[in-house]
Amino acid sequence: MIIVTGGAGFIGSNIVKALNDLGRKDILVVDNLKDGTKFANLVDLDIADYCDKEDFIASIIAGDEFGDIDAVFHEGACSATTEWDGKYIMHNNYEYSKELLHYCLDREIPFFYASSAATYGDTKVFREEREFEGPLNVYGYSKFLFDQYVRNILPEAKSPVCGFRYFNVYGPRENHKGSMASVAFHLNNQILKGENPKLFAGSEHFRRDFVYVGDVAAVNIWCWQNGISGIYNLGTGNAESFRAVADAVVKFHGKGEIETIPFPEHLKSRYQEYTQADLTKLRSTGYDKPFKTVAEGVTEYMAWLNRK
């Protein structure tokens with residue numbers, strides 16, 4: 001069996017899809033379906049069982065057995081970079097992750113988890129080294145602290161432990177994320193409403209490493225299949241502008257004039273204006289597949305969003 005926490009969420013459900021594509025259906029999805037709309041991410045996927053997150057955590061703490069587990073993909077967390085309830089964030093993203101990590105280490109179960117580029121903060125160098133890490137929000141701090149915890153226990157680990165610092169992920173199955181969904185998702189919705197697509201004023205200076213979720217899932221699967229351990233950046237290695245995203249959306253629809261709106265006050269000083277993954281460490285593992293450009297990935301995503 002394979003366990004995917006956050007399996008009804010954005011990246012988790014794409015990992016489930018990638019596993020299905022390999023012929024694996026013996027999957028336990030763990031999630032919190034209080035937001036009932038997330039069920040839609042699982043409708044076209046094949047899984048063996050579902051478990052509520054709180055019940056799962058209780059079972060993990062109690063040391064309950066789930067049978068033979070080939071891997072755990074831990075994507076379940078609070079992913080809202082705008083959430084400022086530190087107690088809630090640390091419980092969800094740090095304490096929960098530690099419990100699950102030790103459960104896997106004790107049973108030598110390969111453990112793959114979601115970290116984040118938010119661990120870096122305001123830097124021009126995005127390399128998996130302590131000197132470049134300085135998160136700007138409590139979400140980034142929770143991910144940073146767990147990475148530090150993993151770094152300390154990795155030398156003693158007898159089974160793979162692998163963290164992925166996701167950069168700006170976009171693509172299918174993010175509909176439930178609301179304001180935290182990707183720019184491409186929001187621009188598509190604006191055009192469908194008959195509006196012009198809108199970017200924040202000054203965003204011509206913002207460049208992000210936008211990575212397609214299918215590529216993210218592929219790296220997770222490859223690292224599992226190859227027994228990789230460590231903490232790795234997961235982006236394309238190439239920063240592109242928000243304008244490039246908007247241009248790809250407009251080109252797909254064949255309509256829309258890009259407008260600018262004021263930059264939100266609450267995001268100032270808490271916003272990464274530039275991200276670009278240094279992929280040297282990931283490439284050193286032997287992973288050599290290419291990543292989709294914004295033009296390629298957004299076009300594929302638009303086709304998925306607007307399918308009949």
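Yeah, the Cβs are placed from backbone N, Cα and C, and that goes for glycine too.
As annotated by Swiss-Prot, NADP(+) binding site applies to 10-11, 31-32, Lys38, Lys53, 75-79, Asn92, Lys143, Val169, Lys177, with the evidence given as sequence analysis. The secondary structure of Lys38 (NADP(+) binding site), as reduced to three states from DSSP, is helical. If you take the C-beta of Lys38 (NADP(+) binding site) and look for same-chain residues 6 or more apart in sequence within under 8 angstroms, you find Ala8, Gly9, Asp31, His176.
For the recorded site, Tyr139 (active site, proton acceptor), the DSSP three-state label reads helix. The feature active site, proton acceptor is assigned by Swiss-Prot to Tyr139 (among others), with sequence analysis given as support.
Reduced to three states, the DSSP call for Asn168 (substrate binding site) is strand. Annotated substrate binding site per Swiss-Prot: Asn168, Ser179, His186, Phe200, Ala201, Gly202, Ser203, Arg208, Tyr271, in sequence order, evidence recorded as sequence analysis.
When secondary structure is read from DSSP and collapsed to three states, Lys177 (NADP(+) binding site) falls in the helix class. Every protein chain shown contributes to the tally, and the Cβ of Lys177 (NADP(+) binding site) ends up with 16 other Cβ atoms within 10 Å. Annotation source Swiss-Prot lists active site, proton acceptor at Lys177 (among others), citing sequence analysis.
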Of the recorded positions listed as Glu75, Ala77, Tyr139, Lys143, the one whose CA lies nearest the CA of Ala201 (substrate binding site)
Tyr139
Where Asp31 (NADP(+) binding site) falls in three-state DSSP terms:
strand
For the binding-site residues listed (Lys143, His186), most other Cβ atoms within 10 Å of the Cβ sits at Lys143
Binding residues Asn168, Ser179, His186, Phe200, Ala201, Gly202, Ser203, Arg208, Tyr271 (substrate) - maximum C-alpha distance in whole Å:
20
By CA-CA distance, flag whichever of Tyr139, Asn168, His186, Ser203 among the recorded positions is nearest to Phe10 (NADP(+) binding site).
Asn168
